[in-house]
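A.B. asks: Would you mind keeping the following structure in view while I ask a few things?
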Amino acid sequence: KIYKRCELAAAMKRYGLDNYRGYSLGNWVCAARYESNYNTQATNRNSNGSTDYGILQINSRWWCNDGRTPGTKNLCHISCSALMGADIAPSVRCAKRIVSDGDGMNAWVAWRKHCKGTDVSTWIKDCKL
């Protein structure tokens, strides 16, 4: 599923991401835009053989199991394919685990590059939340 910006913001809010660990909703919407272009089915292969999955591009080396990444830790206890459904709840649950891990949203390269230190409130502007 490809979400519209405000539709995604509403879903993320419903699942408790607004101000989760101090990160406002705009941070999450911005991250999703630059990680996956709001596409739940996005996948990207990394040079180390791992793959990133779903709307927040969650990595198979650490967080999910795709059955082909050697030495996966699967810290979210989830199959990577479950991160690619139209319902973003599994991705949100795992993202909460990731962002609680000590490095916050710095775990997402696209967030560091495009969202960190910017006015992320623009990402939820005009959304009826």
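Backbone N, Cα and C atoms are what each Cβ position is placed from, and that goes for glycine too.
A quick note: this is a predicted structure, and the numbers were derived from the prediction, not measured.
Annotated active site per Swiss-Prot: Glu35, Asp52, in sequence order. Residues annotated as disulfide bond in Swiss-Prot, with sequence analysis given as evidence: Cys6-Cys127, Cys30-Cys115, Cys64-Cys80, Cys76-Cys94. Taken from Swiss-Prot, the feature domain 'C-type lysozyme' applies to 1-129.
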A.B. asks: Specify the secondary structure state of Cys115 (disulfide bond) as given by DSSP, simplified to three classes.
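C.D. replies: Cys115 (disulfide bond) sits in coil per DSSP, no helix or strand.
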A.B. asks: Return the average pLDDT for the domain 'C-type lysozyme' (1-129) as a whole number.
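C.D. replies: That region's mean pLDDT is 98.
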A.B. asks: What are the DSSP helix/strand/coil residue counts across the domain 'C-type lysozyme' (1-129)?
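C.D. replies: Helix, strand, coil within the domain 'C-type lysozyme' (1-129): 53 helix, 14 strand, 62 coil.
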A.B. asks: Taking every protein chain in this structure into account, which of the disulfide-bonded residues Cys64, Cys115, Cys127 has the most other Cβ atoms within 10 Å of its Cβ?
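C.D. replies: The largest 10 Å Cβ neighbour count belongs to Cys64.
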A.B. asks: Return the member of Cys6, Cys30, Glu35, Cys115, Cys127 nearest to Cys80 (disulfide bond) in space, with distance defined Cα to Cα and candidates limited to these recorded positions.
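C.D. replies: Result: the closest of the recorded positions to Cys80 (disulfide bond) is Glu35.
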A.B. asks: Counting other CB atoms within 10 A of each CB, which of the disulfide-bonded residues Cys6, Cys30, Cys76, Cys94 comes out lowest?
C.D. replies: Cys6
A.B. asks: Which ones are near Cys94 (disulfide bond): of the recorded positions Cys6, Glu35, Asp52, Cys64, Cys115, which have a Cα within 10 Å?
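C.D. replies: Matched recorded positions: Cys64, sequence order.
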A.B. asks: For the C-alpha pair, I'd like the distance in angstrom between Cys76 (disulfide bond) and Cys127 (disulfide bond), rounded off.
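C.D. replies: Rounded to the nearest whole number, the Cα-Cα distance is 30 Å.
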